[in-house]
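Asks: Positions annotated as transmembrane segment by TrEMBL: A:6-27, A:34-54, A:60-77, A:89-108, A:128-146, A:172-197, A:217-238, A:245-264.
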Amino acid sequence: MVFQYAFFQNAVIAGILAAIACGIIGSYVVVKRLVFISGGISHAAFGGIGLGLFLGYNPLFTAIIFSVISSSILGVISKKTYQREDTLIGAMWAIGMAFGIFMIYMTPGYVTDLSSYLFGNILTVSRIDIYTMIFLNAIIVLIIFIRYNEFLAFSFDEEFSEVANVPVMKTYIILLSLVALTVVVLVSVVGIILAMALLTLPAATASLFTNSLKKMIALSTLIGISYMLLGIGMSFLLNQPSGATIVLVSGTSYLGILSIKSLINK
Amino acid sequence: MKNEIIKIENLSFDYGDHRVLENINLNIYNDDFIGIIGPNGSGKSTLLKIILGLLTPTEGRVFLFNKSPKEGRKYVGYVPQYAHIDRNFPISVGQVVLSGRIGHTDFLRRYSKIDMDIAENAMKIMGISDLKNTQIGKLSGGQFQRTLIARALSTEPKLLLLDEPTANIDIQAETNFYDFLHKLSEKMAIVLVTHDTGAISSHVKTICCINKTLYYHGEKSISLDVFEKLYGCPVELIGHGIPHRVLKEHED
């Protein structure tokens, strides 16, 4: 049986860990409409991967630092300047990726697994990757758990929260940093480019069935796990790349459920 | 006792090179029920944001309860324009109202029994207790309006500040809404900001007209000249559905 192989076990564990991070943070991305800025953060994270490969460190570690810093900068400038926010995000998006490519071409020798960072390869997930993912998940769960009410008030009505003296800038930066950490969790599963799909699709599916943020988080985690397992299974059976298969499974499931639901509600 | 709760001195505000507010002086007291009116783009929303400490004035000073706006705003119950709020957000009426207590929670931001009681009471005052578990997207305009006021009330404010409160609600809900405000005005100061001159003038005690600068502040029976200056063209002073003429007739 395929389950006996360590690589397959790692793939399943990685898929579940990624689904947990996506279930929690993806819910905020969807309800707070952070989809575009999350796209910027995830693509900018490629700069961190390039830096890691160039310096000879584990690219996931450098991606953590790089993307948390870039998301914080993005958060501050998007709030503090009168510049159009989407223009800044677009710039960060491209600069981050370009920097990553630049660093990779500066790296001596041939970088073999470039495409696995871009599109993910869940079957090559290592033990260290798993531990990193557990650590990042723990941070995400802990912060959201202890500041749940603050994140809820902030996400629902930022202006009112500011008047109530909630430190909105700090909360926003923490939320964007958690998006950055989620992107890093997703790198080995679906890669930088496809990370957006898993940040949005499970949460968007869950939002069709619930009117409470807490239930949305729980439900989108479960839905995310189902998408992951289904995707991993299908990629193995069809011998297709895991990241793309997971995203296609998630996307078609979401669209399917959405159309069934709107037909019923008619 | 008449206490000054908002004091604005020589206030000006620029967005980049564009002067939005110019040399505004205004005092508002604890027993006031005042309507700040002005056309779209008159800077009244900017003024509101400055009072709330969301924007910093370019020139001049603002005091809220004798403190800086950032400190004084804890006594303010803010009711934002509700067009700015996403009605699809997965949150119930009860949770919205309880979130008014967020500024009073401990370092883990947990709500205490007292917070919950205060929120329950605010829902009772606004007559929305039976909607507690309803998601906000399923409310009528009037019900959602009352939810936002209940949230503001659960901050236990000394001043209620409302931004364009009657946009998007029907006449019946609007009349009820002003009845509510009348009752509330016995307990706290009320400032509401609107471009809707007709409806507001029959309900508030005083009005204040703004178009970049302060044109008028005082009794609501003001002359048409002032209004014309304010809006830059002749205006109809009577809102639809308001049975009596409040503002003075134009004298020929």
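Placement of Cβ uses the backbone N, Cα and C atoms for every residue, glycine included.
Those TrEMBL annotations? Automatic predictions, nothing curated.
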Asks: Please work out whether the transmembrane segment (A:34-54) lies in contact with the transmembrane segment (A:6-27), by counting C-beta pairs under 8 angstroms that are 6 or more apart in sequence and asking whether there are at least 3.
Replies: no
Asks: Test the contact criterion for the transmembrane segment (A:245-264) and the transmembrane segment (A:172-197): 3 or more CB pairs under 8 Å, pairs 6 or more apart in sequence, then answer yes or no.
Replies: yes
Asks: Between A:60-77, A:89-108, A:172-197, A:217-238, who has the most Cβ pairs under 8 Å to the transmembrane segment (A:128-146)?
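Replies: Checked against A:60-77, A:89-108, A:172-197, A:217-238; highest Cβ contact count belongs to A:172-197.
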Asks: Within the same chain, where does the transmembrane segment (A:172-197) have neighbours whose Cβ lies under 8 angstroms from its own Cβ atoms, ignoring anything closer than 6 residues to its ends? I mean 6 or more beyond.
Replies: 14-15, 17-18, 21-22, 25-26, 28-29, 32, 34-35, 37-39, 41-43, 45-46, 49, 60, 63-64, 67-68, 70-72, 74-76, 79, 115-122, 124-125, 129, 132-133, 136-137, 139-140, 143-144, 147, 151, 154-155, 158, 228, 242-244, 246-247, 250-251
